[in-house]
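Asker: Got a structure for you, questions after.
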Amino acid sequence: MSEELAPGPKESPLAPQAGPREVWKKGGRLLSVLLAVNVLLLACTLISSGAFNKVAVYDTDVFALLTTMMLLTVLWILFYLLRTVRCPGAVPYRDAHAGPIWLRGARGGGLVLFGICTLVMDVFKTGYYSSFFECQSAIKILHPLIQAVFVMIQTYFLWVSAKDCVHVHLDLTRCGLMFTLTTNLAIWMAAVVDESVHQAHSYSSSDSNASHTRLASDPERAGNAVGGESCLCSTAICQIFQQGYFYLYPFNIEYSLFASTMLYVMWKNVGRLLASTPGHSHTPSPVSLFRETFFAGPVLGLLLFVAGLAVFIIYEVQVSGEGGRTRQALVIYYSFNIVCLGLTTLVSLSGSIIYRFDRRAMDHHKNPTRTLDVALLMGAALGQYAISYYSIVAVVVGTPQDLLAGLNLTHALLMIAQHTFQNMFIIESLHRGPPGAEPHGTPPKEPCQGLTFTNQDALHTLPACPPTPGLVSSSPADHQEAVGIVSTPRSHWRRRCLKDISLFLLLCNVILWIMPAFGARPHFSNTVEVDFYGYSLWAAIVNICLPFGIFYRMHAVSSLLEVYVLS
């Protein structure tokens, strides 16, 4: 639990004191957290139970629970928009750090983009289940329709209210935000389980130990709710709908997680007292994408991005083909990833070294958004750490040393190093002050000290220039030199390098997200870990840890875009 008054950007000495309603602030937060934990545990129990045949939990039960949760969430959001925020003094403060550019802005548009893709996925799911309506439960068709309404209303709600610091209906707002967050996490878990089961069937159709599930859309279990009949997806349009919505699952997964992060920040801001401190704000000025860069980072990043798409297509074609070229596909896949991970590791380390020469002050003010970003980066990286360490043990202990084993081992080691150094660079970048901020206790010296002016009035146009009597004029050449010094700060080359680094890392993380998110599973194509741990254990490790690794990539992209804008 946070402190009674969470400052941000810094605490106002003139801010109004908390009233009697806020005396029970910690108790109100505890109540909302307990509500969220219990609802989430119930949802997780049903979703995980519905993933196996030998339990009496059907996919219709899971769909019914998720549909009910989404309907209740929509009702609360409507109450918030139509009643809560219209109360007098409901939102006296707005957090400038909440709802950053990568979730709300026109440049990032992450939440809107993933929301639109989720709507397309709901259309595909509705078409898929409608293809055999006569043997399906109505809840399977109702669920994607309700989810489409839920996504539209929630996206609008987050777009207009992400910065709100609400001061009315405090406990109800906290519980509503936590319930909405829980609903998104339940949708995320259902999507992850569904996609993981679908991938497991794709790679283990010949494995007799593979468990058939109820949540995945395989033909033998697409529907059995009415009289035990089997619903077969036999038409071409049905198969298009089925394949289409599975390819759109990554966007639905990221939408749920991004919405959850924004809701958490809103929950932290309920009852928060802020001061207006524009001088310390990190709000970026409008910039174009490649402005003030050396173009080396964007060009090299685009080259790796295009090469990665080609490698991904080759991998998918060769692994799914009948020619037995899986080994060649794995060599190409591992080789590209080794090159990409090695470059991103060196670039991240270079960025951290550049910060050693950066004079900008560290921002130590409390910021719920930044704190959450750092926690998600560190926590999500644990998923890929776990997979890498399991792979290292399997390669070193249980397999003969050949080319594929060496590539697998190098890939695992570089994955650990890349996550570590990239997190160091991103976290330090997020804690840096805005451009031009001096270290605490250091008086500003640039651009006034040591300059000679021919125009005495020009002195007053420069920021942070104290009155200096008796400036002596020298010559027109000195004047041009002075103007050049003022217009070109000494740290200009550092800012350009940092922007290049952030854009390069951003593009690399996008391609490293696309590969696993859209079906690349070398963890199963390469049988080293499967033979060492057994299919059931290794599948459980991958299906639990890999979604966190995929989320890490997209969250790193969003953080790197923030770093680029603020550099």
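Placed from the backbone N, Cα and C atoms, the Cβ positions cover glycine too.
Note that this is a predicted model, so its numbers are computed, not measured.
So TrEMBL has the following annotated:
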- 30-50: transmembrane segment (TRANSMEM)
- 62-81: transmembrane segment (TRANSMEM)
- 101-121: transmembrane segment (TRANSMEM)
- 141-160: transmembrane segment (TRANSMEM)
- 246-267: transmembrane segment (TRANSMEM)
- 294-315: transmembrane segment (TRANSMEM)
- 331-355: transmembrane segment (TRANSMEM)
- 375-397: transmembrane segment (TRANSMEM)
- 501-520: transmembrane segment (TRANSMEM)
- 532-552: transmembrane segment (TRANSMEM)
Asker: With pairs closer than 6 in sequence left out, are the transmembrane segment (62-81) and the transmembrane segment (141-160) joined by 3 or more CB pairs under 8 Å?
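Answerer: Per Cβ check, the transmembrane segment (141-160) touches the transmembrane segment (62-81).
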Asker: Are there 3 or more C-beta pairs under 8 Å linking the transmembrane segment (30-50) with the transmembrane segment (375-397), counting only pairs at least 6 apart in sequence?
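Answerer: They are not in contact.
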Asker: Could you tell me whether the transmembrane segment (532-552) and the transmembrane segment (294-315) are in contact, taking contact to mean 3+ Cβ pairs under 8 Å with a sequence separation of 6 or more?
Answerer: no
